[in-house]
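Here the structure comes first, spelled out in structure tokens, and everything after it is commentary.
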Amino acid sequence: MSDLATDPVTEPSVAEPKPAGRPHRFEALIATVGSVLLAIAMVWLIPPYAKDLMVGGVKPATIADPVHTIIGDGGDTTAQAWLVAWDGHSLLHGLRGLWATNAFYPEKYGLALNDSLFGYVPAGLIGTGVDAAILRYNILFVLAFALAFLGGYALLRQLGAGRVAAGVAGAALAYAPWRYGHVGHLNILSTGGITLAFAMLARGHGWSLTHGYRRDRVRPGWAVAGWLVAAWQVSLGFGIGLGFVYVLAVVGLGAVLGWLLRGRPPLTRGLVIGDLVGGLLFAATTLYFAYAYQQVRESYPAVTRSWDYIAAFSPTPRSLLVAPLFSLPLGELHNEARAALGNADNEKVMLCGYVLYLLAFGGLFLSAWSVRQRLVLLAGTVVGVLCALGTNGPLYRLIYLYVPGFDGSRTPGRLILWPTILLAILAAGFVTELARFAHRVTLPEFRTTAARVVTVPLLLLVLAEGLPDLAHVRLPAEPAAMAQATGPMIVLPSDDGIDSNIMLWSTAGFPTMVNGVASYNPPQRQAIRDVMQTFPSAASLDMLRQQGVRSVVVLRDRVVGTPFEAALSVPPMPGITRRDVGLDIIYDIS
């Protein structure tokens, strides 16, 4: 792995590059371990103490219990925890019924109603039950930030940036404020595989920004590894993966055109074979998951989003300056700014970081990258931002109409990932050149210190701006009635608010159930929700029997005050047997 961190222009100590020399053989190990430790500190340990300091000690800091509290809002996060648990459960059973899932009964492709997160299936193999699902999710949540940092660091080291500069890029990519608008979307936060794949592919092809293509630096094994990581990234889902597939295709096409324009310099046989094998594996993975999602599109044409619907989730140019609620330094300060964005403001905030903006701006004038490279990065950033504006920009309409798959996405603001990457590269170029400048103008005995003095504070500023303020929600224990009910079942109440919790509770045995929450609500699932508000009406019983549902579980403490409250007092009637289990009720349907 140390080769991945190898920089054509390496440096002494922290930041200052110098010609020749091999970076420390343990750099990759240090970067990996450091990324994990930093993520634990940034996401779990520092925020409660920082917030305690900000409020003057009014609310004493406490470290959350990772087994019994789930990070985030306790809504979408619980559904995501179920996803990973289901992936592991299905693999243990030979992948039978992977796409059907225990939730969303009787859907054949229920898993495809969400991003599958299948790439996390190894974690899903460890542990069983609700507590394991919560702990697993919390660990993966932290590791997603660690991988985002490591991927950014590896990419910039490969491109030619210094160590601190690469750290700045990694921090900007992992802890960009806009990411905290997606605290319930592990699929959106899991972006580290993108930059890591590009780093490995660049390494494998012997390419960097500082030296371009060098045949003696080609490493076919790294190219294959890059393709495998890219395939893994796609297996997490198309929420972020769809854009990645197209960007990777564009980059690949650009590389081929560049090779042709340069007179087709000779390529090693190993690299050609590696690209063919790796590219085919990536394509096969993409097509496998795309097939499942295509089945949903064919079954439910309404899953495509209308232009007006996308408009409701489209950011404005002001969004680039607005932080989400869960940003520790800026969240409360930007309450009014978020309110001005309208509904779904978490999908509209696109603040990449004020410090990152300043560093990237400096990188336009002082940089380790060439003027041409800087202009390309600037142009790419502008294009990326215009696409991320959705209906409020001039380019997204073209993507919506002509790029397959994007008509099923309602959230163009997530494309801000790509401008963030380009801004991070610009910023790293600035920090690298700043370290070089400090090195040149300082006496020899103080050069290393000077490079640190002018660069390390910039890294700390990026990290400080990127601190989150995340909730840790303690969830009630799973109802005993769910374990005793006969499946397929439906649990009442059923709506997008409670069903995510019910999905998490179902990890204790994975009973087959109608309940489930997804970004798209199939008509028949909404129909059964609606008719169950009249339970035990003849219409509700007819639908239950037609669907093959054998029991109805009523959660007494949740159903009061909802349209399903009448289910608490169902009179004796033929075909229904009532059982009281603890506080809850089971109605067996015959």
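The first residue you see is number 1, and the count goes up from there.
For all residues, glycine too, the Cβ spot is worked out from N, Cα and C.
Annotated in TrEMBL:
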{"type": "REGION", "residues": "1-20", "note": "region 'Disordered'"}
{"type": "TRANSMEM", "residues": "28-46", "note": "transmembrane segment"}
{"type": "TRANSMEM", "residues": "134-156", "note": "transmembrane segment"}
{"type": "TRANSMEM", "residues": "184-202", "note": "transmembrane segment"}
{"type": "TRANSMEM", "residues": "244-261", "note": "transmembrane segment"}
{"type": "TRANSMEM", "residues": "273-293", "note": "transmembrane segment"}
{"type": "TRANSMEM", "residues": "348-368", "note": "transmembrane segment"}
{"type": "TRANSMEM", "residues": "375-396", "note": "transmembrane segment"}
{"type": "TRANSMEM", "residues": "416-437", "note": "transmembrane segment"}
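By the count of Cβ pairs under 8 Å, the stretch nearest in packing to the transmembrane segment (134-156) among 273-293, 348-368, 375-396, 416-437 is 416-437. As a quick check, the transmembrane segment (416-437) and the transmembrane segment (348-368) clear the bar of 3 or more Cβ pairs under 8 A, pairs 6 or more apart, so the two touch.
If you look at the transmembrane segment (348-368), the same-chain residues 6 or more away from its ends with a CB under 8 A from one of its CBs are 9, 17, 160-162, 165, 168, 172, 175-178, 181, 209-210, 313-316, 319-324, 327, 330, 334, 338, 341-342, 374, 378, 381, 385, 388, 413, 416, 419-420, 423-424, 426-434, 436-437, 458, 461-462, 465-466.
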